[in-house]
Ligand code: NIG
Ligand code: FE
């Protein structure tokens, strides 16, 4: 005779992919019970404890997964760069466009020129597409303002999104994204200002949950990024890094030395980088949208990450330059087809490992007792279908903290 427990709601009639330890962890004909916004019980429906008074939701088939987590986005930005895309298709490289003052800096101009309301409205349009496919937590970076006020404007928009929608938002301060034009030829001075004034200020305002940088020839050197990391540590903020996207500079090993939550992109990462990341528990965040849009032929060393036990996440990297990707599910497919992840690894990449990449592995990313009750019901027979279908919308039910919102 099953015991009695107090649940607020019970969700059943579907198979449950728990993603415990990053594996499907399938429970056939399972049930998820929620109390006070957290998972209070998960297991086979037949073992469900009695809970008089709990609201029962019967899905009548399908699969329940943890809510999807998009752990690397530049969701807030002004304008777009479709004309640069045309140039790139004609053979002009991303680096050449950046060197000519386009690229990130063209979005910096558009973002500086946009007011907070306009940035919010354009970000919301993109957000709605992600939320419609089961994203319940999103990271949003600054990095297109590059003045303290404009960076704060971007972070405020990100925080407002978290207040206005049920989705959980984590913000990342990315002032070390590109050298602003007013500091041309004075990169070290810019980094001084970012470290000495901006990071402490943004931290004091409570606007950032982490600090990020872009370690690349066309952005900042490992020595400059190390100074940014030191300032982040003084401000009590964890770090992440855009590393090894276009060349191998040792950014991911540097990130690992600073116990970074994640190193992201990683097309040019080496075995030494993988070893360093494994020993610091730094998550490899893979961004197939950017790799695809840049028609990059060098692929991130997934087999090395797997061999050395580096947790792998997948994210949209939604941004106007390299990844105008409004679908995390499409990234799951591309993670499999382009990067050779298994559908199971790809699903772990947008759930448990994405949570770890945001420092939220204890509260999100898998369906386990005590974690937040963010989950999605999918009209599929097996979770591999989430990797198989090439985009398109599915009629999903999204549950945030135990409340059905869609
Ligand atoms: O993650 N690599 C640097 N940052 C972005 C691209 C930014 C841009 O081109 O606007 C990325 O791909
Ligand atoms: Fe990025």
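Here the Cβ of each residue, glycine as well, is placed from N, Cα and C on the backbone.
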TrEMBL annotation, Zn(2+) site containing 72, 74, 317 - matching residue among 217, 242: 242
Same 4-imidazolone-5-propanoate site per TrEMBL - residue from 57, 177, 377 joining 81, 144, 245, 322: 177
Chain residues outside the domain 'Aminodeoxyfutalosine deaminase/Imidazolonepropionase-like composite' (30-50) and at least six past its termini with a C-beta under 8 angstroms from it: 2-16, 18, 64, 367-373, 375, 399, 401-403
Spatial neighbours of residue 321 (N-formimidoyl-L-glutamate binding site) that are distant in sequence (at least 6 apart) but have CB under 8 A: 81, 84, 94, 103, 104, 107
Proximal residue to residue 74 (Zn(2+) binding site) among binding-site residues 144, 319, 322 (C-alpha distance): 319
Binding-site residues near ligand 2 among 81, 177, 245, 317, 321, 322 (Cβ under 6 Å): 317
For the domain 'Aminodeoxyfutalosine deaminase/Imidazolonepropionase-like composite' (30-50), the mean pLDDT of the predicted model: 97
144, 177, 322 screened against residue 242 (Zn(2+) binding site), Cα within 10 Å - retained binding-site residues: 177
Top Cα neighbour of residue 72 (Zn(2+) binding site) in the set of binding-site residues 144, 177, 245, 319, 322: 319
